[in-house]
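According to TrEMBL:
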| type | residues | note |
| --- | --- | --- |
| DOMAIN | 11-391 | domain 'Major facilitator superfamily (MFS) profile' |
| TRANSMEM | 12-34 | transmembrane segment |
| TRANSMEM | 46-69 | transmembrane segment |
| TRANSMEM | 76-94 | transmembrane segment |
| TRANSMEM | 100-118 | transmembrane segment |
| TRANSMEM | 138-160 | transmembrane segment |
| TRANSMEM | 166-185 | transmembrane segment |
| TRANSMEM | 206-227 | transmembrane segment |
| TRANSMEM | 247-265 | transmembrane segment |
| TRANSMEM | 277-310 | transmembrane segment |
| TRANSMEM | 362-387 | transmembrane segment |
Amino acid sequence: MADSSFSLKSIAVPAYGPSLLFGFANGAILPVIALSARDLGATPALAGLIIALIGLGSLLANIPAALITSRLGERSALLGASAITIIALLLCIFANHVLLLALATLLIGVSTSVFFLARQTYMIEAVPFYMRARALSVLGGVNRIGMFAGPFAGAGVMHFVGLSGAYWVGLAALIASTVLTYYMPDLKIEPRTQNLSAAKPRMARIAREHAGVFMSLGLAVLLISAMRAARQIVIPLWADYIGLSPTATSVIFGLSSAVDMLMFYPAGKIMDEWGRLWVALPCTLIMGISLVIMPFTTTVFSFIVVAMLLGLGNGFGSGINMTLGADASPDHGRTEFLGLWRLISDVGSSAGPFLLSGMTALVSLGAGIALTGGFGFISAAIFWHFLPHARGTKVRDQ
């Protein structure tokens, strides 16, 4: 895949179409799951727990997802993940008990893990190294676009048919994604492994052989994931703390997300042209600084500026976790390695909100936000030490 004539346009529909539709489906349903739980009699605490099952399902499925993708192939794994999500959405629509809804949300988390691991593996093999960061940044970007647009489509249909409308929108998008995946031609991928007949390495062996990468760059990825997860609740919590209305909070969150989405292609291009470090550093430092200074914002204007700065930092890191995992992964045992890599990332995503909540309970909300910002500076230091500084140098070469 060293052909310099390669263009992302040549694989745009088969590579990015399913991801856009999958993100669109998730964007449509995520805002209403808690409301469905409340309609079924769940307490607010139980409704929150049901939403958390999505993250738990993804966390638990990372290792099995790697094994499934490694044995069945990326295309079969994508189809299986879409089928599981379709079943989950049907359960959401027809659930008459909160336990059925809980099962459905757990399945959504499981299928999401399988889908994105298979999609990442597919892209790594299909795209040459010199365009890898752009390809993976766009992969993350189209999913964000889908997640951004999905709630609006869901809201439009719900206006006419009620709460189930969001699930029907998600179901339609998933069926379209499944059809697109089923009929798309397989990408022509040249094997990169030297010994294709070798047995698949065990997870334990992969973890042992690459422990240094997992404990260095993996730690930085874990901290970035924790910051990103905390970011989603930091903005509404601090907005409420300084007395903003829910409407104003939603608008500010939307502005932050819009800035985030604008950055995914420039970030990938910088990674390919200048190296991974020159995106990893701005991402972690801008997010870290934004979170540290957020507790000092007391006016609407200052809060908007910092929220948009936080979105800029997050957008700078579009695709960074996937790209670093791709760079560090071995040719033989790549899928297993990426399963462990996603596990580390999901641990961070799960831990971030809990750490913020714990520090808020022990000290204050401002202290919790500032502590979360400290993760950015630690990540930046790790990246500066371990990432190659020279342009075009791979992590494994380092």
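Quick reminder: no glycine exception, Cβ is built from N, Cα and C everywhere.
Note that the structure is predicted; figures quoted are calculated from it, not measured.
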Please tell me whether the transmembrane segment (362-387) and the transmembrane segment (46-69) touch - that is, whether there are at least 3 C-beta pairs under 8 Å between them, with each pair 6 or more apart in sequence. no
Other same-chain positions with a Cβ less than 8 Å from the transmembrane segment (247-265) and lying at least 6 residues past its termini are 134, 137-138, 140-141, 144-145, 148, 235-236, 239-240, 300, 303-304, 307-308, 310-312, 314-316, 318-319
Residues outside the transmembrane segment (277-310) whose C-beta sits under 8 Å from one of its C-beta atoms, at least 6 past its ends, are 133, 220, 224, 227-228, 230-231, 234-235, 238-239, 242, 244, 248, 252-253, 255-256, 259, 267, 270-271, 316-317, 320, 324, 365-367, 369-370, 372-377, 379-380, 383-384, 387-389
### Query
Would the transmembrane segment (138-160) and the transmembrane segment (46-69) count as touching if the test is at least 3 Cβ pairs under 8 Å, pairs 6 or more apart?
no
Same-chain residues at least 6 beyond the ends of the transmembrane segment (76-94) with CB under 8 Å of its CB atoms are 18, 22, 25, 29, 33, 36, 65, 68-69, 100-101, 103-105, 107-108, 110-112, 114-115, 117-119, 122, 164, 167-168, 170-171, 174-175, 177-178, 181-182
The predicted model's mean pLDDT over the domain 'Major facilitator superfamily (MFS) profile' (11-391) is 88
